[in-house]
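Presented below is the structure to which this report refers.
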Amino acid sequence: MLTRLKAKSEGKLAKQICKVVLDHFEKQYSKELEDSWNTVRDVLISPSLWQYAVLLNRFNYPFELEMDLHLKGYHLLFQGSLPYYPKSLKCYLSRNTDRLPSERHQFGNLKKYYLLNAASLLPVLALELRDGEKALDLCAAPGGKSLALLQCAWPGYLHCNEYDRLRLRWLRQTLESFIPQTLINVIKVSELDGREMGDAQPETDKVLVDAPCSNDRSWLFSSDPQKAACRIHQRRNLPVLQMELLRSAIKALRPGGILVYSTCTLSKAENQDVINEILNSYSNIMPVDIRGIARNCSQDFTFAPTDQECSLLVIPDKGKAWGPMYVAKLKKSSTGKW
């Protein structure tokens, strides 16, 4: 019975794959990823292979759930493998495709865990947020990375910004569901155009730009072929927006501050090319080598080469925590200018 239901579910999902988008990806990514593309494609089009990680909420810690995860064969991600890894950040992953149900939002009750793409924690870890630091999450909705940042440290100030009104509502609900009122006081939520945030939020220690992008995984399941074709046409304009957001983030950053850029697309034009353009445009922005993260996390993630010491690209792979997730780390020096 379960097998029939699973097959029926997988068949239904397979029918929802948008051929227009898949054909576009075939042309682009078979060139950019070469031999890796066949495996990446197989995972992207098969939701049954996606593995959702379980991020435990330190503000309402689920001890019994943690014991149950151990019994079910889940393992703790990143444990002891990275120079920066706060003990308060606990995320579990199963080797199979078990998925816990999402907890329902209940006003006044903090949720115990958050389901996420484990690769989305890599930008958070690359940012290396410390207690007392001033941080900005420039494109914060739906709030998973803001939540993860708060699992890592108690910032002196965290500004979560989201320009899209519907997504802003989602962000507020995420924070309300996981963060106690005592910590809400150090969090500011705003609905500003991220391209203008730099002037409004100067002297920030750490800035995360999880930029609007092609979002390959969700695009593949676009139900309307006409909308999908329109998105593909608009895709060429995304690097312009991404660079404008990065320029704003650089303005917001204090000298010596750290900037992390991330996307959930495989597209070189939205990833490496954007970062190269920024590095070529600013004499006071320096790349930070994060290749050690790939070396230390290869057991749980598959990384494709980026030809940049300051960036990583997680690609979907069978039996591994899924992507796509591109991460780049930059530092603002005290000398030089644009």
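In case you wondered, yes, glycine gets a Cβ from its N, Cα and C as well.
What TrEMBL records for this protein:
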ACT_SITE  Cys264  active site, nucleophile
BINDING   Cys139, Ala140, Ala141, Pro142, Gly143, Gly144, Lys145, Glu162, Asp193, Asp210  S-adenosyl-L-methionine binding site
DOMAIN    44-333  domain 'SAM-dependent MTase RsmB/NOP-type'
So what pLDDT does the domain 'SAM-dependent MTase RsmB/NOP-type' (44-333) average out to?
93
Tell me, how many other CB atoms lie within 10 A of the CB of Cys139 (S-adenosyl-L-methionine binding site), whichever protein chain they belong to?
24
Restricting to the chain of Ala141 (S-adenosyl-L-methionine binding site) and a gap of 6 or more, list residues whose Cβ falls under 8 Å of its Cβ, or answer none.
Glu162, Asp164, Arg167, Leu168, Trp170, Leu171
Determine the C-alpha span of the S-adenosyl-L-methionine site listed in the record, that is the greatest distance between any two of Cys139, Ala140, Ala141, Pro142, Gly143, Gly144, Lys145, Glu162, Asp193, Asp210, in Å to the nearest whole number.
20
Just to confirm: which same-chain residues, 6+ apart in sequence, have a Cβ under 8 Å from the Cβ of the residue listed as 'active site, nucleophile'?
Asn117, Ser120, Cys213, Asn215, Asp216, Arg217, Gly323, Pro324, Met325, Tyr326
Which of Gly143, Lys145, Asp193, the listed binding-site residues, has fewest other Cβ atoms within 10 Å:
Asp193
